[in-house]
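Listed in TrEMBL for this protein:
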- 46-428: domain 'Cation/H+ exchanger transmembrane' (DOMAIN)
- 483-623: domain 'Cation/H(+) antiporter central' (DOMAIN)
- 628-785: domain 'Cation/H(+) antiporter C-terminal' (DOMAIN)
- 794-815: region 'Disordered' (REGION)
- 32-51: transmembrane segment (TRANSMEM)
- 63-79: transmembrane segment (TRANSMEM)
- 99-116: transmembrane segment (TRANSMEM)
- 128-150: transmembrane segment (TRANSMEM)
- 162-184: transmembrane segment (TRANSMEM)
- 196-220: transmembrane segment (TRANSMEM)
- 226-246: transmembrane segment (TRANSMEM)
- 267-300: transmembrane segment (TRANSMEM)
- 345-366: transmembrane segment (TRANSMEM)
- 410-432: transmembrane segment (TRANSMEM)
Amino acid sequence: MAANTSNVTAALPKPMKATSNGAFQHENPLDYALPLLILQICLVVAFTRTLAFLLKPLRQPRVIAEIIGGILLGPSALGRSERFLHTVFPPKSMTVLDTVANIGLLFFLFLVGLELDIRSIRRTGKKSLAIAGAGITLPFLLGIGTSFVLRSTISKGSAHAPFLVFMGVSLSITAFPVLARILAELKLLTTDVGRIAMSAAAVNDVVAWILLALAIALSGSNTSPLISLWVLLCGVGFVVFSVYVIRPLLELMARRSPDGEPVKEIYICITLSLVLASSFVTDSIGIHALFGAFVVGILVPKDSPFPGVLIEKIEDLVAGLFLPLYFASSGLKTNVATISGAQSWGLLVLVIATACFGKIIGTMLVSRMIFKVPFREAAALGFLMNTKGLVELIVLNIGKDRKVLNDQTFAVLVLMALFTTFITTPIVMAVYKPARKGAPYKNRTVKRKDLDTELRLLACFHSSRNIPTMINLVECSRGTRKRGRLCVYAMHLMELSERSSAISMVHKARKNGLPFWNKKRDDRDQMVIAFEAYQQLSSVTIRPMTAISALSTIYEDICTSAHQKRAAMILLPFHKHQRVDGSLESLGHSLQEVNQRVLRHSPCSVGILIDRGFGGTTQVSASDVSYKIVVPFFGGSDDMEALAYGMRMAEHPGIMLTVLKLVPASGKTLFTLEGHDTNVIRVENDKNYNSQADSEIFFSEFVQHAAKQLQDSVTHEERVVESKADVVAALKSMSKSNLFMVGRMPPIAPLLISTDTPELGPVGSFLATSNFSNTASVLVIQHYNPNVNLHPLVQEKENDDTDDGTDTPVLVDKY
């Protein structure tokens, strides 16, 4: 007996020690669990993030890169090298890798549960329920039919009932988080298609988990039906216990975590411990540890800051480091080489065709025949509902671990999930592109004939740093007219990050009909309080809005919102902020590109604000406003718009406006310097030349108006310039002022030899340098030009009144 025991012990692989003594002790770190795990994590994360970057132009969700990365690291590609596989992913390390990956998966599914609101599913309309039902039933039935074909070919000997259910579940799943990401990227979440798809996918997600629990219960090693029944009954009992015991505890902790106060560390610890304990219970029952974590996540109260804090604590660590390990673990089990021969590839095509047919046709039939959804929208719904993702991989991995799916069937189904998700974005983009519609409007500029009409501004900001200056600029803009009121739409620009919580934040914003400043997190709270306080102290109407989108496309949301709200000017923060030493530091090239794209596509005038502390770091009350504003006037439509805006500001009792008109010396023409070695000034283009007559007329009107109504707050002077040096000297003589307002493209040569800010124009780019001033803020203004925007983002219709004057915010990328 002892001899047999010793033989068995000798046959077992020697367990890996945790840490090594180091290379100087002649020990290979890769023979030890911890350094090997660190290498695996770094390799997987770097590899999948590189793939995600390469696939970004195709607008593919990151899960695609993670699935492909896992497959490429496995025996299908890099893993074909025995040396690589046994060095980086040796068999003896797989237990540790799978354990860490599954712990990450536990907490990720806890996060998924946190973001899934059961109350919203209960409120799902009949249309979404019917579409969800069709998108589950038909693929499930076709999956059952396909299972008979596979069992007679590549899956001979597999258990009948479990295989049947696993095939049905794998074909009927819709990945809720992946679908939300695709809809957000395509800006479809505010459309009817997006709302229906999200509601249907949420229902599908819950049903899929129930079906998966059934499949796991049926796939135990003991084939007795009584055992499966006990597993299901114990699972139901755990859910009941969680509802009546765990949920009250979570609600108690949520109530004791009021808005605006930090959540106690003990509450975070208790909640995360509950996740692990519940996972242990469900694993002991036999329905997999994932269910316990998912149930706890669903039961956390969603109407308090508690879930937001939980997400902040663990999301980046789990989704960034641990979750990719699960995709790598799955990829190491996937060997595409097992799909060989005409029969195997034919079965792969059959499975893909069956999955697509069931989801797409089932969804389209119900949409078209019952609810009369237009064909393009119904087709888009069908392809969107065909999205697979992480839950699909979980189902397949559980099936493989429980010997329900063999290697070849597993590889076929993984490729099916990859293909169906990959085609979703390009096909939906081709099939369905909703047109943004809006009514045409007249007042697209500050310069207008009727000065008593309401002035609407769309003021954009990225962070709380922009708020004081923006409010001070709004205060200067309000004028004194009784009828010409000022209405400001304050739009918070937020980048749609890769975090799944970004989707849930936008979902809450859309559901509540308010910006998610209502979450009362510290930074958001300061922003809304500042605007609300200013509105109460002034006659200006402030309407907060939120735009959440990828920075590459957020310009569409800005321009569309400006059109729908009939704005006369869009105010944008400059992509650089001032440092302590006075120099400007860039916040990123992507923000600069946002401004450049808005300039190209704007439906109205645009102003870019270079902030050097206009009014200081806090909001200035109306009685304390005392600013000197300068408008350099060269001529042209942009300068006329800047002067019109300056004239409105001059109505404020605390504003002193100086208009500096720069004219060429006698015998010289306006306004471009020829070369750098000559003092000759000439015309740059016909457009500017033709506008000079209009500029002179407008300037004379300004002089008359200032003499009659603004004589105490406006001064103007003319200076003759013969060279670029004269222009620079004239501008620097005014550098002690608080604000410069300059046209973006006046007809004058660039004052700098080279610049990295072409969007500011020849004069604005000079005013933005530290060589000019460290204290004067600059507002660079572009006049609306309908001839430039050849591809407008909004289709105008006479009978479409999109602006009803309500305070409903525009919420972009809604999930």
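Cβ atoms are placed via backbone N, Cα and C, with glycine included.
Bear in mind that TrEMBL entries carry predicted annotations, made automatically and left uncurated.
Note on the transmembrane segment (162-184): residues 61-63, 112, 115-116, 135-137, 139-144, 146-147, 150-151, 155, 194, 197-198, 200-202, 204-205, 208, 211-212, 214-215, 218-219, 351, 354-355, 358-359, 384-392, 395-396, 399, 402, 404-405, 413, 416-417, 421, 424-425, 428, 496, 500, 502-503, 506-507, 548-549, 813-815 of its chain, located 6 or more positions outside it, place their CB under 8 angstroms from a CB of the stretch. Sequence-distant contacts of the transmembrane segment (267-300), counting only residues of its own chain at least 6 positions beyond either end whose CB sits under 8 Å from a CB of the stretch, comprise 102, 105-107, 109-116, 118, 209, 213, 216-217, 220, 231, 234-235, 238-239, 242-243, 246-247, 249-250, 253-254, 256-257, 306-307, 309-310, 313-314, 394, 398. Taking residue pairs at least 6 apart in sequence, the transmembrane segment (345-366) and the transmembrane segment (128-150) share three or more C-beta contacts under 8 angstroms. Sequence-distant contacts of the transmembrane segment (63-79) (same chain, at least 6 residues past either end, Cβ-Cβ under 8 Å): 43-44, 47-49, 51-52, 54-55, 85, 89, 175, 178, 181, 323-324, 327-337, 389-390, 393, 414, 417-418, 421-422. Here the transmembrane segment (410-432) has Cβ contacts under 8 Å with residues 58-61, 63-64, 67-68, 71, 154, 170, 175, 178, 182, 185-186, 188, 193, 330, 333-336, 338-339, 344, 347-348, 351-352, 355-356, 359, 376-377, 379-380, 383-384, 386-389, 392-393, 396, 399-400 of the same chain, all six or more residues outside its ends.
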